[in-house]
């Protein structure tokens, strides 16, 4: 963007999660000394001569970024520097970033941040925020050796056309860049710092003012209640079926001691000779089950740690680092579960099974991730992952995850196969004509709706935090919703399984996986809707990136719910 650069300062190092999310922290040329007030200090001056093509290109890029409302994100002492302004109903919103500038359209309408100042009124003009008033709040620590702690940092973006760039006075008209401007454009960047003691904020709770201005806690409770109602309804249904129907059925079977009655079997009892017939594509199903187990445990542990407060927004990138490390370490349960199911499906090719478990799903995710990275790299984005990190991720996968999967599979194959309570008949039964709702596809499509109903409000906040740079901190809610989702997926599948077993259709293995796995398809539809309704993303590369990362999330979610 050609802003002022810090000369010769080292870049802070980032952890794995930050690198994966493309968060790069750069040193800044704005220098502060504690309790030393600065007014209108000059940082640097940039001059653009629009007759030179490279200068014109830089200026056009700056204009485009103002048009698209790009934001600065600044950090002081690991705290985001926020820009607080009043929104409707007398609330203050604290934004952890502030815009580069803003634009007044050709018919004189102010866009985005231009509404903050009535002096921004020239038509078809860009106003760049080239001056910031930074206010740093601190409190003095009484009992320890003399020292103070920073509890908040706020700023006001301003726009000034400095007449004397070498000796700025920070007053006068705003810095306007007309869209049709030619000749020389000079932008002088300046800043002011004031320090203010704030006794009421404790250091431990210094993030609260940012989080409080994040809206929608009441919607959360509403969504939790909504999800709980669904869960209660489903639990009631499952309990009713289990207790009433099955109890009645089993009681009837126990009464039949004479043989001639036993011929008149009905419902699910008819398929007892076929129920444990191995499914088609049993290899793939066992691999999916293994990977799904891995993701399920990973999600559970990550959210559990997040609830305890280890992964707050203050620990940048901690959430992603935790998830990746856990995923790598959980190769053993994946191999074990896959091997156990594959053996009980009567599979013989155990080597193929282990290799697929360790490479199929992670391979798809990595390939997708790699293609996204190539696009970022081609676009020259700072979010592109350096080659060293890619090698490190591959090393984690091949040197830790894969051997652990093999160990798990070894134990899985050593154990005896899961014993089935009834023998499987030699000849498969004929499946009768199915009614509409017990056919595979309608059943699967219906099964995904209920779990999705539990999560879609949380999904909105998660997508916001990924794509719109809002902080996500409601891990307590998320953990609750996670538990609710697990229960809903299981119960919805049990119900639909019971219905189609009563209709004498005994192909239940894939159907039970896909019934709740179909939630991921609804997630994809929602992500597409979110893309078109909430995000103003233009350009092919950005669109491909959005959908590329969405597909990774959908695949992980599919395996997890299944």
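Every residue gets a Cβ built from N, Cα and C, even glycine.
Noted in TrEMBL for the protein shown:
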| type | residues | note |
| --- | --- | --- |
| TRANSMEM | 221-243 | transmembrane segment |
| TRANSMEM | 284-311 | transmembrane segment |
| TRANSMEM | 317-342 | transmembrane segment |
| TRANSMEM | 354-377 | transmembrane segment |
| TRANSMEM | 383-413 | transmembrane segment |
| TRANSMEM | 444-467 | transmembrane segment |
| TRANSMEM | 473-501 | transmembrane segment |
| TRANSMEM | 513-532 | transmembrane segment |
| TRANSMEM | 544-561 | transmembrane segment |
Cβ-based contact of the transmembrane segment (354-377) with the transmembrane segment (284-311), 3 or more pairs under 8 Å: yes
Chain residues outside the transmembrane segment (221-243) and at least six past its termini with a C-beta under 8 angstroms from it: 450, 453-455, 457-458, 477, 480-481, 484, 487-488, 491-492, 494-495, 498
Cβ-based contact of the transmembrane segment (444-467) with the transmembrane segment (383-413), 3 or more pairs under 8 Å: no
Same-chain residues at least 6 beyond the ends of the transmembrane segment (544-561) whose Cβ lies under 8 Å from its Cβ atoms: 288, 291-292, 295-296, 299, 361, 364-365, 368-369, 371-372, 375-376, 451, 466-467, 485, 489, 516-517, 519-521, 523-524, 527, 531, 535, 537
Remote residues contacting the transmembrane segment (383-413) - C-beta distance under 8 A, at least 6 residues beyond either end: 16, 19-22, 24, 290, 324, 327-340, 343, 350, 353-354, 357-359, 362, 366, 370, 373, 376-377
Long-range environment of the transmembrane segment (317-342) - Cβ separation under 8 angstroms, sequence gap at least 6: 14-21, 23, 282-283, 285-287, 289-291, 293-295, 297-299, 301-302, 305-306, 310-311, 350, 353-354, 356-358, 393, 396-397, 400-413, 415, 417-418
